[in-house]
Amino acid sequence: MEAYPEDRCIERRHLRIKGFVQGVGFRPFVYREAQHLGLTGWIYNDHQGVSIEVQGPLWALERFHDHLLSKTPPLARIDQIEEERVAILVDEKDFVIQKSLQGKDPAALVRPDACVCEECLEEMHNPKDRRYRYPFINCTNCGPRYTIIQGVPYDRAMTTMARFVMCPDCQREYDDPLDRRFHAQPNACPQCGPQVYFERGNEISQNPFHLWTEAILSGQIVAVKGLGGYHLACNPFDDQAVKRLRQLKRRSGKPFAVMSKDLEAVQQLCYVSGKEKALLESTERPIVLLTRLRSGILSSQVAGLYRTLGVMLPYTPLHVLLLEALQDALPLPVVVMTSGNLSDEPIVTDNDEAKDMLKSVADAFVHHNRPIYIRCDDSIVKIAADNQPQLLRRSRGYVPDIIETALEGPPLLAVGGELKNTFAFYQQGKVYLSHHLGDLENMKAYQAFQEGIAHFERLYHLKAEFVVHDMHPGYLSTTFAEQIGLPTLAVQHHHAHVASVMMEHHLEGPVIGLAFDGTGYGPDKTIWGGEVLLATLSGFERVASLKPVPMIGGDRAIKEPWRMASALLAQIFSRDNYPEDLPLIQKIGAPWWHIDALARKVDSSISILTSSMGRLFDAVAALIGLTPFASYEGEAAIMCEMLAGEGKASPYPYEIREERSGYWQMDPTPLIKDLLADIFRGESPSVMALRFHHTIAEMTASMASLVYRHYGIDHVVLSGGVWQNQLLTRLTLDQLHSKGLRTFLNHVVPPNDGGLALGQIGIGCNMAQGLKSNELRDVQRRNG
């Protein structure tokens, strides 16, 4: 305890603190500070955050306030402190931690799950420690949070740890304000806590690590229960094991992520910059996309021809022990670690569900008996072309971290899009964005979407007055919005993409929005995706787009890029001079006249128009011989980027023309003609892919510069799935900067459809405010 200075003027203050202050060691931290400074009073968790009353000399109160901000525990974050003087209590002797209070309107913020901390790892590796090699060791600085919480305030009874009664030793730690596990809700040990076990057929073992190693070395696939769900793991150096995982999981093309024991092993597989190292070792422990070394030793089945590899470090004690068990058994302590699901389905979380759903894939299981309340996929992040971290999937480790805004408006629910769905709630300046839910066209994903919304409503007592949805009438998220009995606000897909960046960077607009993706419903009932918008959060104007082409066969064109290529060919060639010896024709395996007839058939039941940049990438990838078919949306475009590499290249020609006053079209027809000439000259596909990227970058920047000259707007926003293309983004940013334009990318939310809900909130707030204002004017007019 510090000695008091001469000034003994006594005051008492009440503090209400909001932010991440529950379940992060904040109360013991406050207790220790109060004890150290000789203060009396109390602290408790409530539905708003924490409430504190402290009493003592003025100097000590001021130092206490300073320490709250400067010595905050690692996982805590203070967003707001409300402080007032209150009456002194004469007989108070101590500072105490009181029992949490439950309220009717929870606003306390739930912390995301955090990777195991160094102190816990030291204990886990210490043979003399009672938690030696315990796979569920945790403390107030680490461990599960969001995935086990059923409600607030954050106390053990409100988590899935409620079933585990603490032993006397754990209870002593939990009750000791000076202990690192004081009020650590998941606190446990081998005597009283969750247990791990290995299951293979009729074989069940409580000591899974030797059997896990044996299974991996023998080429088996093992399902491992983690924080937010199961993973499927196998030996990344075994071609047959990885190939078999691809076949059984029905994932023929997408690369797999790997988990590495440590950074040293990662550096033998990939280049790792300082910023990438920081991401790998961060509390969030996401999958980080890294550039592979040319001398990579992994099976080619892991990531194929991709120049990048998704890598994560272990984030739970169980993962650490599993990877350590492989230390001397494999060339490197690395395993394939992909989501535990079948193709397009949500990640599996329950033990019995895992045995049922994954029995066709997994040869063995590493289970544990701590229930997962909320499924949460691994987050994915990369260092973007502007040298800043960019989330490509925002989930475990980042959710449910709130996004603060300066918006004003009524409470909203935004239901996102159809693919890579996330939803969001808005209330009093805060956006509560959900974890990644997947593609809603899958029944289980749609069910998880509905359950997730209900969970957020319970967790924070959120009650929306409006629901914001995508303009597409066929989306299940739109159907849901129209059925829940709230006033609906329809938002155009690409406007929401642009708005998501505006929300992140607090831009009021207007901005030039470059919204490039695969698909999005336009007000003209065509499929947009290569759009240049003048946008604010209140509205937008479409000032330019790619020249629309038929999308032959509708959605079939997404998985069959040859269809988009054929549509472009039909616009350039007549039947008399059709390039029937094009390599693409041989790859499709159908007569050229059949393909040409299909491409020329104008029937709205078969073809709709699209201005999608993603589909243009698909078409070019098919033309240069990469793939006429795709196993997932965007595969052909990604292959085009991977093939292009780096370097300088002369762009192909293109045309920008004004179709009508204030609306331009970017026409790639000259590009396609010269590309075909390169194909028939036998040019290398990698050279053609690189030239194509340079062309799109130059065409896009030229279009943005034209809009800037016309309207005087120099803020350029880039959003949509196409901007996940690192090469295209870097080339385009360079071009835009050379023209004196300021650029803004997504970082906090993905540029893909996982970021739509944030943009919908921004636009929805403005729309709802307008409706409220109109209602008020109507009332005033009626009463006037």
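Cβ atoms are placed via backbone N, Cα and C, with glycine included.
As written in TrEMBL, here are the features:
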type     : residues : note
DOMAIN   : 12-99    : domain 'Acylphosphatase-like'
ACT_SITE : R27      : active site
ACT_SITE : N45      : active site
DOMAIN   : 206-397  : domain 'YrdC-like'
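Here the domain 'YrdC-like' (206-397) returns a mean pLDDT of 96 for the predicted model. Look at R27 (active site): DSSP puts it in a helix. Counting residues per DSSP class in helix, strand and coil order gives 25 helix, 36 strand, 27 coil for the domain 'Acylphosphatase-like' (12-99).
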